[in-house]
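Note sheet for the following structure.
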Amino acid sequence: MKKLNKLLRIQSLSDVDIENIVALAHRYLQDSSANNVLQGRVIANLFFENSTRTLLAFEIAEKSLGAVSVTLNVETSSMKKGESVSDTLSTLSAMGVDLVVVRSGFSGFIDEVVERVGDCCVINAGDGNHEHPTQALTDYATIRYLKGKYIEGLNVTICGDIFHSRVARSNMRLLSRYGANINVVTPPCWSASVPSSNVTKITHSLEEGIKDADVIMLLRIQKERMSGASFISANEYSRHYMLDNAKLSIAKDDVIIMHPGPMNRGIEISDEVADASSSILLQVKMGVAVRKAILHYMLG
């Protein structure tokens, strides 16, 4: 049921695409047994940035669906001998790769990939601080699994480094599309970067931001994307914005705590909140299920 050739950004997805992917993901969450729906398909993972959860989720998904899964080690590839990224992509296409999963630190790089791989399917696994659509789909599927099919009217609070977060941007676009109220908690130094079109409220107070929240989505400080001095020190950030049990007591009893990872314990989330939040582990499991669903939907 090939419905989608390129998954580059949230806007790439129709409502039908999203609904089918979420439905498939929920099925795969309930039944994680391997199958051969992608037998004979070749998928290449091309990651120019470090990754644990996203890369592992794709590799597990690819192999459990019967695909030939190849992860190109950039450090040992011909790119270290001077081969251009464009030539590497053209080589993958010529070798008959069916789908390329790409992560890059450069915003918009995914569009250059599309130009080089012809009819090959492409998935954006994160490009700079631009978008991370598969993580947003994971988060949406998790919220729906825990809160029900319709998220219209839910209060979703996103807290942290909005300025550098591709996860936040994709989630704002996706969740607001289905009627969720997006509230942002961020230090003043990052508030200017918040896109007003997808946001209901911006505050610099964690307590104010979470008091009516149905979902709290925490983001780490992305030091690797900061040039020069940090906008805010880790100590100052943790004093004002770390979610601990005392602050969490302000929120609703049934609030969902989410984090795309990696978590920086003691900075944006305390040990006790991290260890008690079963929804964060569900989010990780859903990450594999969603990647299975996406691959099945695009290649199955």
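Each Cβ is built from the backbone N, Cα and C atoms, and glycine gets one as well.
Together with R53, T54, H132, Q135, G261, P262, the carbamoyl phosphate site in Swiss-Prot holds one more listed residue from R27, R103, R173, which is R103. Counting other Cβ atoms within 10 Å of each Cβ, the lowest count among the binding-site residues R53, R166 belongs to R53. Calculated from their C-alpha atoms, the gap between G261 (carbamoyl phosphate binding site) and R220 (L-aspartate binding site) amounts to 8 Å. Residues R53, T54, R103, H132, Q135, G261, P262, recorded as contacting carbamoyl phosphate, have a largest CA-CA distance of 16 Å. DSSP classifies R220 (L-aspartate binding site) as coil under the three-state reduction. The Cβ centroid of R53, T54, R103, H132, Q135, G261, P262 marks the carbamoyl phosphate site; residues of that chain outside this set whose Cβ lies within 8 Å of it are S51, T52, A125, G126, V167, P260, G287, given in sequence order. Using a 10 angstroms CA-CA radius around R166 (L-aspartate binding site), the binding-site residues that qualify from R103, H132, P262 are H132. In sequence order, T54, G126, V167, S170, N171, P260, G287 constitute the residues six or more apart from Q135 (carbamoyl phosphate binding site) in its chain with CB-CB distances below 8 Å.
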